[in-house]
Structures are given as C-alpha cells and as structure tokens.
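Here's the structure we're looking at; comments come further down.
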Amino acid sequence: MLVLQAVLQRASVDISSLTPCPDIRDGNTEAAQSRRSLYGLYPYKSSMIGLENLGDPSGNWDIVETIGKGTYGKVYRVTNKKDGSQAAVKVLDPINDVDEEIEAEYNILRSLSNHPNVVKFYGMFYKSDNLSGGQLWLVLELCNGGSVTELIKGLLMRGQRLQEPVISYILYSALLGLQHLHNNRIIHRDVKGNNILLTTEGGVKLVDFGVSAQLTSARLRRNTSVGTPFWMAPEVIACEQQYDYSYDARCDVWSLGITAIELADGDPPLAEMHPVKALFKIPRNPSPTLRNPEQWCRSFSHFIGQCLIKDFEARPSVTHLLEHPFIKQAHGKDVALRQQLAGLIREQQEVGCKTKTKHERINTRKTLIIERCPDDDLVNLEFLDEETIISHLQRRYDELQVYTYVGDILIALNPFQNLSIYSPQFSKLYHGVKRVDNPPHIFATADAAYQGMVTFCKDQCIIISGESGAGKTESAHLIVQHLTFLGKANNRTLREKILQVNPLVEAFGNACTAINDNSSRFGKYLEMKFTPTGAVIGAKISEYLLEKSRVIKQAMGEKNFHIFYYIYAGLYHQDKLKTYRLPDRTPPRYIDSQHCKVMQDIVSSKLYKEQFDAIQECFRNIGFTEEEVNSVYRILSAILNTGNIEFAAITSQHQTDKSEVPNSEALENAASLLSIGPEELQEALTSQCVVTRGETIIRTNTVDKATDVRDAMSKALYGRLFSWIVNRINSLLQPDMNICAAESGMNVGILDIFGFENFKKNSFEQLCINIANEQIQFYFNQHIFALEQMEYQSEGVDASLVEYEDNRPILDMFLQKPMGLLSLLDEESRFPQATDQTLVDKFEDNLRCKYFWIPKRVELCFGIQHYAGKVMYNVNGFLEKNRDTLPADIVVVLRTSENKLLQQLFSSPLTKTGNLATSRARVTAASRSLPPQLGSGRTKVDTMEMMRHPDETTNMRRQTVASYFRYSLMDLLSKMVVGQPHFVRCIKPNDDRQALRFCKERVMVQLRYTGILETVNIRRQGYSHRILFEDFVNRYYYLAFRAHQMPETSKENAVAILERAKLEDWVLGKTKVFLRYYHVEQLNLLLREVIARVVVMQAYTKGWLGARRYRKEKEKRNRGAIIIQSAWRGHVARQNLKQIKKERDEAAIRIQSAYRGHRVRRDHRPQRRRCHPEAGGKTTKEEHMRSNSPKSKEAHTDHIHGGNVGPDSRDRQVKDFKRDKGRAEDSVTKPCRETARLRDMQCKQALKTSSHMSSYKVCSHQVLLHNPPPPPPPPK
C-alpha cells in the first residue's frame, strides 16, 4: 500500500544553554571556489545567500541518529563537538543552490527565532559533495517531547485525553508564537499539530516555516494556495480556483481552530477522507465542531467556533483570541500547566507510544516522496522463511499495523491498547470493496463473509482462534459491530440489541485469569441472521461447556465470573446489599481472595459500578422484564450466600457421620433468596434419600459430603441460570417470521471459543479447553491443507503438496471409543470406588502412544503433546468434576420454590450438550400445588414420591461432563461445516500484556503451532477455491454470455468465462475449476459490477413501466373523474332547477297578490272619493280600514246627515280613533308602529290646542305628520 511520507517529524530536546552559531560562516576561499554553482533540484536561485558563504558542518556537528523524514529530506539528531550539546538538523540533498523557499525559511528563522514559542535557530551550513551535489544543513533546537499530535494520539491509545487547562495552555503558547509572527507580517500557513513541538520541560514551539509568507506594506494579502489539506482555511483553498481571491494572516486562526479539534478528538475533521476530497468539502460544508461537544466546556466550543468562522473578514485576529475566556484561564498559570504538560510527556516517553502522521502538506513546487509500506500479504514476500515472516510482522506491529493477510486468512496481533481504526468512518471504507484497496483489517474479513453470503446465498462462518489473551473476544466484538453496520437493521432497536448481547453474555461467562483479564470461560457461537437481500433480522447464541467449577473455587491469582463483582458493587452503591442479604464488610467465600482486598476493590473501583450500570442497560434494551432481572439478582445473591453456609459434625455414641449448619444466618439468607424454607434446605444439604425396592432410606451426610452438595447446588444454580439467560436472549432476538421465512434466511456465524491454555497447574477444565482447540485446529488443517490436496490428486491437478502437522492422531486419542481418554474417564467415573490414582493407572495402561506420557517422580499427573506444545495435567479432582453430581433432594427442594424463574430452571430438562432445554417448560401442576414450606422429613419424602427423581441426577448412567463435552463438539462442528469458513488467527505478541512490545520467540512459537508458514506456502502455490463446472458456469455466466442465453455447464464455457474475465494462473481439473484465493474475489467484483448494471437497467425499465402504468391509471382516473363530475353537475343543475321553479312560483304568487290588491283598490277608489270629496281622492291604508269599521260608518252617517258634534260625541270619537289606531298598528311592521306613535302624539297635541272641535273631522288623513290641520280661528 502506498502512503505519503509525513511532513517533518522532529523529536527534540530543549537546549536553551546551547550558544547560537553565527548565521553565515565564512568558509575557505579555495573550498568555496571549488564548489559548483549549478542549478540542481530547485530552479529558483537566491540572490542573497551563496553556498560559498556557508560553513562546513563537519567541524562542529556529528550526526547521532535519524529522528524523522520530511518532504525535502531527513531530520537527524546531532551533537556539538565542542560542548556536547544536541540539536536537530534538517538535511536537504542533493542541492547546489539555495532556492527562494529555503531562503524565506532561513530569513524567518534568523530574525524571529528569539521568541520563546518559536523554535531556536543555530545556523545554516553546506556540506559539499561533487558526486551527489552537496547537502544543506539547517540546525535547529531539538525538542525532545515530540509533537502535540504524538502526545494526544498516545493518550487516546491509553484511553486518556488532554485536560482542558492543558489544551488552553498549548493554544495560548501557539497564539503567542503566531502573534509574534503576525506582528512581523509573517503568515505561517501550515499550523497543525505536527508543527507544534514540545520540550521535555513543557515548552511549546512553532516550527516548519517552509511555506510561510512575508507580507509587505504594498502587499497585505496573499493568493497562493498552500498548506496541509485538512487544516487549510476556505479562503486559502478558494485561491486555487478564484484567481482574484486573497487572504490575510487570519488563515492561521482557522488552522489553529482545526488544531484545537485535533487536540480534543485526536484527528482533524474529514481525516478519513482523501485529501483532495477534503479540499472539496471544506469550503462547502458548515464549519466543523467537536466530535462530542457535550464532553467539553462551552468556552472551548465557543473558542473553536470563533476560530472557524468561514468569512475570514469576520474572523477574530490572534490578538483578540488571546483575550478569549478559554485562553485567559491559562494566564498566570503557565508555570503549573507547563509542569503538568511535562509530566504527560515523561509518561508518554516511558510508555513508548509511537504515532505516524498520515497528512502531507500540499506543495506546488516540489514532488512528494512516495514510499511503499510493507506488504500487506505474506504470500507476496519474495523470500519466505520464519525469520522473514517474523521481521515483517514486527515491522508492521511497530507501525501499529496489527493486521496482516496470509492469502484470505487474517493474522491479528493484539496491540494491548485502544486504536482509533474502528470508528464508523472505517466501517464505511470496508464495505463492498476489493481486499487490496484498503489495508488489512478485521472489518475486511467481516465484509468478505457478508459479501459471500449475499452473492452466493450461502451461510458463512468466521472462526477466531488463538491462545488465551490473544484478542479473540475483542475481534468477535468488532466483527459483530461491522456486520450490524453492513446489515442495516430496519430499526435501530434491533441493532442495539445485537450489539449488547456480547457484553451481557461475557459478564456472566468471562473471568479474570492469570494471563487474561477478560478470559472467555465458555464457548460461544453467535449466528447473525439475514434476509436474502442482506438485512440483519435477528441473532442466536449457542453456548458450550461453561466452566461452572469457577463459581466455587478459583486458582491463585484468578477471580470468579465478572457478574459477581459487578452486582456486588452496583448493589453497594445503590444501598441494596441488605435487600439481597449480602454483607457489606466481609466478602462472601466464593469471591474472597487471600491475595487481594476484594471489598476494597468493589467499593472503590469505578469500573465495577460502571459495568453494573451497563449490564442493567443491556438487560433493559434486549427486553428482559424488571421481574426477570430481579430474579436473576436474587439467584446470584443466593449463590453467594450459599457459599457462606458452613457445616459441623455431630458426634454421638452410635453415629459420627452426621452434620449440621452452625451458622443459621447464612442458611436463612440463602433460603429466603431462593424462596424456600430454611429447614428444607438444611435437610437437603445434610441428608439424602435413597429409594430401594419401594422403601425410602434417609442417609445423613458427612461434613465433606454436605460441602460437596452445597457446592454442587451452587454450580447447578449458576449453570442453569446462564443457560436460561442465553435462551431468553435467543427468544427476544429471534427473527420475525413475517419478514423472512426460516428456510429462506441466511446466517453468518462467529466462533469465539476459549483459547489454548497452559498454566503452572492444569486441571480438568484446561483439558477440555485444549481438546476443543485441538478440534478447531483439525478443522483448520482439513479445510486449508487436507481437502485441498486430496482434490488435487482426485482431479489430476499437478500441484506441489505442502507438508503440515496433522493432529488427527491426537484427536483420536481423546475422542475415539471405547479406548479414548474421555471414554476411559467416563468409565472410571461410574465406579464408586474409583480414585484419581486408579484413573492415572487406567490411562497409563490403555493410552500407549507418543502423544501421552506419565512423568516420573510426579504423582497423579500425566502429560499430553498438543499441537501447541506439551502440557502437564494434575489429575486431582478429575473424577468428581467429571461426575458433576447434583442430588435429587436439591432438585426437588428447588422445584418447590415460590420463585417462578427458579422453578423453571429445575423443571426444564437438559440437552445432550448439558444446557437448559429451550422448550417452553412450565412448572407442573404438582409443583404448583405444593406448600411453600415443607415441615418434616416425612413431608419431604411424600413430595419426592409425588414429583419423582429426575433421571439425569439419579441414574448411575447419567451424563457426565465429558459426554456433554463430546456432544458439544459435535454440535459445534455441525454448525461450522454448513458455512463457508473465514479464519482469523489471533497472536499474542508478549505475555506481559504491554503495548507495542514484540517478543520474537513468543510469536514464533504461535506461528509454528498454528501452521502459518505452511499456510503461506499453500496459499502461494495452491488453489484454495475448487468449483464444479456446473456451479461455476451457473454462477458467472453473466460475465461472458448475454442474460437471455442459457449456456451449457461445460468445460469450454467455463474456460470462456475465465478468459473473458482475464484471469491468469488457473487450472482445470476433471470436473472442477481450480482458482487461487484472489481469483474468486476478482470474479465476485466483476459479477457485482454486471449485476449493478443490470440493476440500473432494471431500475430504468421498472421506472418506464411504472410511468406507463401511472399514465394509464391516470387516464382511467381522469375518465372516471369526468363521469363523476358530469353526474354531479347534472344533479346540481336539477337541484338548481327545482329551486328556480320554486322561486318563480313564489314570485308569480306575489305578483298575482299585488295585482289583485291593486285591482280591488282601484275598483274601490271611486266610492271613497264619493264619500270623502275633501280628501282629494287620496286615502291611506289606515283610513281605509277605519272607514270600513262600524263606528266609522256611524260617524260617517252622522256627518252625512249634517249633525253637529257635541262634547260627548267628541269623546266618543277620540276613543274610536284610538281603537282604530291600535288595530292598524297590529297590521303593520315595527317602523309603522313607531310612525303611529308619533302620529298619536301629534293628534293629542292637536286636540289640546283646538277650541272648536265641531269642525274636527274624524278622517285620519287630517292629522298626518306631514299635513297638520290648520289652527282654528280665534273666537269672535
């Protein structure tokens, strides 16, 4: 893989006591005349500095070592011959003249290096060489603290980070240095972490002025686009395309803001992108921010925001930023912060962390130096031997390249530190790309398995192997992480559930051992389930051979399972120890240790508390109920309390083998947490029932026997609880059958099994673990070597055979029947009188092979020559551990518990692998009807008769641990052989778990027994993929034939496909195509490209068809709409017509009514005129009504007869008038009533003012408002 060389990497030491050398030294005139003054690499000749005027460095300086490489040359550590002081020299060669850039850097260093935050300059020298062209030496201050980039990366690798005050101090010092430059009209133009160096005393220095610019009064801005891409300001980048654009010194402020983000996050923004792409993104993207701003103070985020204002006209200057609150916190504290920084530098140097910059400055004038990294694949090595492989791996490990390929197999060296190569940005890099496009990575293996599953619709299997402490568990985590990313779960909840399965299961199944703080004490096979299109829909765990004996006893320097410490710390901090009846001062026996203060660690360790909170979160997110979680905690607490139960012998005259429980408090605590009676628990521990020929015999247990029963119950509780948790997880993560049927789904399995172990004292657990590793190694050998070479012979392929170490004889010695080691162990376990010594004798008599031996002068031991080396096993306890007897009395008592979960644990049967069955077993009716507490021994016997003894605990031919183990291996292999395997070989570089420490001897041993050298040979020479002609043509015929063609599955068509794909070095057998490991990857990529083109065509076709269907449907809908609109319009028109007809009828009636009234009034008008000639022929409606009334007619008759009206008649007339007026008001509207009221008032006024009423006329038209009657004449 090609990478760009880093810009100047200086390791330096503060040499303030060093006397600066003169800037220009007068050299020997003759020597100066002998120097050639020709144009060399740099065509721009200086008008100020002549090489003949520079002194020779040989007289004053000696080169000690190389400390870095730069764009223009190397950097060395040099020693002054006079006083022994040290400095750093930047050597430029070959060179025959000084170009303008070197001259500009020289001028800046000469005139401005007197500032405490600018690196000191001691002079420039020229070392002539007629052959090579000479060397130009720039002697600078040696800053031995490295760069701030190296410091922050080293801290992040150790899980630490820079504190905000220290960041403030570094930025404050850098601002002072930049202020010194800007005040002298100098723009640095390449401010970044690698150009800010540190001294061992905590000093901060700006370096590298190779692209700095000098401003003048006539030119206050520059327009050259230079710098390192990720730190370049938008205005500087814009100058590359916009020739009229320019910038000023505030571009350094932007670069300093990016550097501030680098100090916080370890990398600048967009660091995962290609530099050219970053240059495209920076001007277009919003201003970058901190990755996790909530973890930092607001003033720091505000400072970065001020630095990264995209409009540089609005961006503050360096002088303004020195007054920022975040920077001002370093004012007056520089001495203390300097000392704190010096302490971090010393710690960094002690740890020895190394970093390598990957960011190169853009230079418009010089060619970049490109160097090839060490090969990523061992198969490509020119010389192949153990020493070459070791050296190659060590060189890569020193450069923090912990992954290396051996063909399609991945070697993973444990770095023993956190690396920043597992972020989502890296997940995006390893998604459907060629293996050679990116460096080796665990994500690449996960991607290969995923692509193989989607492409071939075949299950895949990733097998992670290695010895304990090599990093298998962490590798499994990373593979699951990447597969969930590739699977793109439909909902985020499912993705979170899958990611939290491993932490939860490992808390219950992992423990601290002598060589590994997080050692897997069980085998785990995680199957991630996908749809045919590649979407993750669920997961399933299979667990094998949990080391239950660790619950009751741990070896020296080891601990119990993690969960016991997590729950103890969590309950302690929640003040719930009393709730779960746990002591708060002395630890329970099962987690107590003589070599460490357990309670002090539990109380003071934040890790335990944080892990407990994480486990609670895992329970909650995966879907466990609060009741279930509480039951789990109660059972765990009951196990710890059970361990505190003690037994004492009861001596009597006739019997001495009885025992009792002297500490009743522990017994009551355990019984209460188990929801059973303390008397029943004590009786089950101290006695046992035997049913013989229908008679029940109760036998008492000795102290040792009772202790064994107690420990057996604790192991059974923990083992069944662990199986229940696994089954519960599987039920909560099982795929939805509505999404994908079981037969159409596909799996990617990840095997994370305990590594090979060889301790000072190895017991039965180590034997089972190492046998499992022997089986995994055999599977690897069969897949890589045996099957491949067998097919060479059967297919007639001429290929060289590779010799390898076949471990089949060792496996036969362990697993064959009836004379295998495990079979002999089971046979001896069935004899009640068997002892450990008789077991050793049986092994010695029957196992006669070179892989087994009995050491002399060592009792109860035997040795095995494993594939990974010789291991000595101690037989003490082999028989008892293999029997793993759980008395039926304990099972019966626990089945009567009121705790539903506990009832289920001991009511469900066990599988052949020794795990709890996944069937939905429920508590029987008999157990539900039992009383919660059992009183006497007789009641106990009746209960046993009613519930029966479980067969697996009473039958003399019950399953042993060895038989469970044998079935577990068979089940595991049956899952592995179904899928296409991918191998990850984890290597432990040292036994001290120290970062960046590579022990050649230790690595060599692991490479030998894992067969890496043989693997390299067979991958180089052999053909790892053998495909039948039929399968090959059906799979890849798209590459050579048209889609509608169906070619014959013949040998000729297979050759046509291979030739069309332009593959080389393939071989044809009788029935198969033999391909090298990289051929299949190339074919798959070509196939994906063809499929991608087909998908595009299908997309366009489907789009066209969809558009056509849409147009037809639209026309159909338009026609339907027109019909509906027509019907609606007709309906509306008909309704409107009815309304119009109705209105017309009403209008006609009104017209007819008005006309009839008019005609009647017209016919009646002559008669009225005859009756009232003085009215002028005008009558109102009111007058007409009054004229038709009887009284009006009477008055009218009197008037006609000419009678005078007296006072009585006048009063009667007034009354008649009022009555007629009221009738008229009833027949008119409200406005008419108001008019009538006014008329009434006028009438009254007229009556009061009239003195001669005789002339008053009753007709209403004489008292109208508009025609008042004339006043009467005055009396004579």
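Quick reminder: no glycine exception, Cβ is built from N, Cα and C everywhere.
Because TrEMBL annotations are produced automatically, they should be read as predictions rather than curated entries.
The Cβ neighbour count for T473 (ATP binding site), using a 10 Å radius over every protein chain in view, is 21. The ATP binding site feature in TrEMBL is assigned to K90, G466, E467, S468, G469, A470, G471, K472, T473.
Per DSSP, the compositional bias 'Basic residues' (1156-1171) is made up of 16 helix, 0 strand, 0 coil. Taken from TrEMBL, the feature compositional bias 'Basic residues' applies to 1156-1171.
The annotation compositional bias 'Basic and acidic residues' is assigned in TrEMBL to 1172-1201 (among others).
Taken from TrEMBL, the feature compositional bias 'Basic and acidic residues' covers 1208-1237 (among others).
As annotated by TrEMBL, domain 'Protein kinase' applies to 61-327. Looking just at the domain 'Protein kinase' (61-327), the mean pLDDT is 85.
Annotation source TrEMBL lists domain 'Myosin motor' at 373-1088.
Taken from TrEMBL, the feature region 'Actin-binding' covers 969-991. Listed as Cβ neighbours of the region 'Actin-binding' (969-991) (distance under 8 Å, sequence separation of 6 or more from its ends, same chain) are residues 393, 397, 406, 408-414, 416, 442, 445, 448-449, 452, 456, 458-467, 469-472, 475, 515, 523, 525, 527, 542, 544, 747-749, 751, 755, 771-772, 775, 779-780, 783-784, 815, 912-913, 997-999, 1002-1003, 1006-1007, 1010, 1012.
The region 'Disordered' annotation in TrEMBL covers 1153-1237.
Contacts of E467 (ATP binding site) defined by a Cβ separation under 8 A and a same-chain sequence distance of 6+ are given as G755, F756, E757, A868, K988, Q1006, in order along the sequence. Each residue of the region 'Actin-binding' (969-991) gets a DSSP state, and the totals for helix, strand and coil are 8 helix, 8 strand, 7 coil. Once the Cα atoms of K90, G466, E467, S468, G469, A470, G471, K472, T473, the listed binders of ATP, are compared pairwise, the greatest separation found is 46 Å. Long-range Cβ neighbours of G469 (ATP binding site) (same chain, at least 6 residues apart, Cβ-Cβ under 8 Å): N414, I515, N516, S519, G755, K988, D991, R993. Counting Cβ atoms from all protein chains shown, K90 (ATP binding site) has 24 others lying within 10 Å of its own Cβ. Reduced to three states, the DSSP call for G469 (ATP binding site) is coil. Long-range neighbours of G471 (ATP binding site) (same chain, six or more residues apart, CB within less than 8 Å of its CB): A412, N414, C986, K988.
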